[in-house]
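The following features are taken from Swiss-Prot:
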DISULFID  Cys33-Cys189  disulfide bond
DISULFID  Cys55-Cys59  disulfide bond
CARBOHYD  Asn50  N-linked glycosylation site
CARBOHYD  Asn64  N-linked glycosylation site
CARBOHYD  Asn109  N-linked glycosylation site
CARBOHYD  Asn172  N-linked glycosylation site
SIGNAL    1-26  signal peptide
Amino acid sequence: MGARECPARLLLLSLLLLPLGLPVLGAPPRLICDSRVLERYILEAKEGENATMGCAESCSFSENITVPDTKVNFYAWKRMEVQQQAMEVWQGLALLSEAILQGQALLANSSQPSEALQLHVDKAVSGLRSLTSLLRALGAQKEAIPLPDASPSSATPLRTFAVDTLCKLFRNYSNFLRGKLTLYTGEACRRRDR
């Protein structure tokens, strides 16, 4: 293989692989509105939780990881401004992404990381990146920006707590997707249909 052929083949390979990322990166806003899409991510999170339920020592973290509180007061949620809902979901997703990445690093540094556990964590990292892109396409990031006339004191800080095991991290991930993310995307999709 000559020196000139190698860059040409790399370019060709890049062009062939480029479309693999396009369905998520250039995702239409309607994709997240298809309940099957969100259900797939919820199922992956639940599978991760189930896979980690049986392990004890190997699934404990050497330090606590901060995650978003997933409890939802439905009465208060329905009365929240769209921007506040978007902010809570966007901040929660960002914190959850950081938590999963931190869990991934702690798992990789553990004495004997299981390949199966590593696979579930890797799926969660990938899933959160995809969900972030889908929410961005839906406009959640723009909605999460506070209005100029909104007072800084009106924004409530994101409630958080700490987890110390991989199972609790996956449970939080699953609950966040089933709760706040599902509520927000459902309402955002209904607004888009109007």
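Cβ from N, Cα, C; glycine included.
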Among Cys33, Asn109, Asn172, Cys189, which are recorded as recorded positions, the nearest neighbour of Asn50 (N-linked glycosylation site) by Cα: Asn172
Candidate recorded positions Cys33, Cys55, Cys59, Asn64, Cys189, pick with smallest Cα gap to Asn109 (N-linked glycosylation site): Cys59
Nearest of the recorded positions (Cys55, Cys59, Asn64, Asn172) to Cys33 (disulfide bond) - Cα to Cα: Asn172
Cβ neighbour count (within 10 Å, all chains shown) around Cys33 (disulfide bond): 18
Listed in sequence order, residues with CB under 8 A of Cys59 (disulfide bond) and six or more positions away: Thr52, Leu117, Thr165, Leu166, Cys167
Chain-internal residues near Asn172 (N-linked glycosylation site), provided their CB is under 8 angstroms and they sit 6+ positions away: Val67, Pro68, Thr70, Leu96, Ala99, Val163
Nearest-integer angstrom distance between the alpha carbons (Cα) of Cys55 (disulfide bond) and Asn64 (N-linked glycosylation site): 17
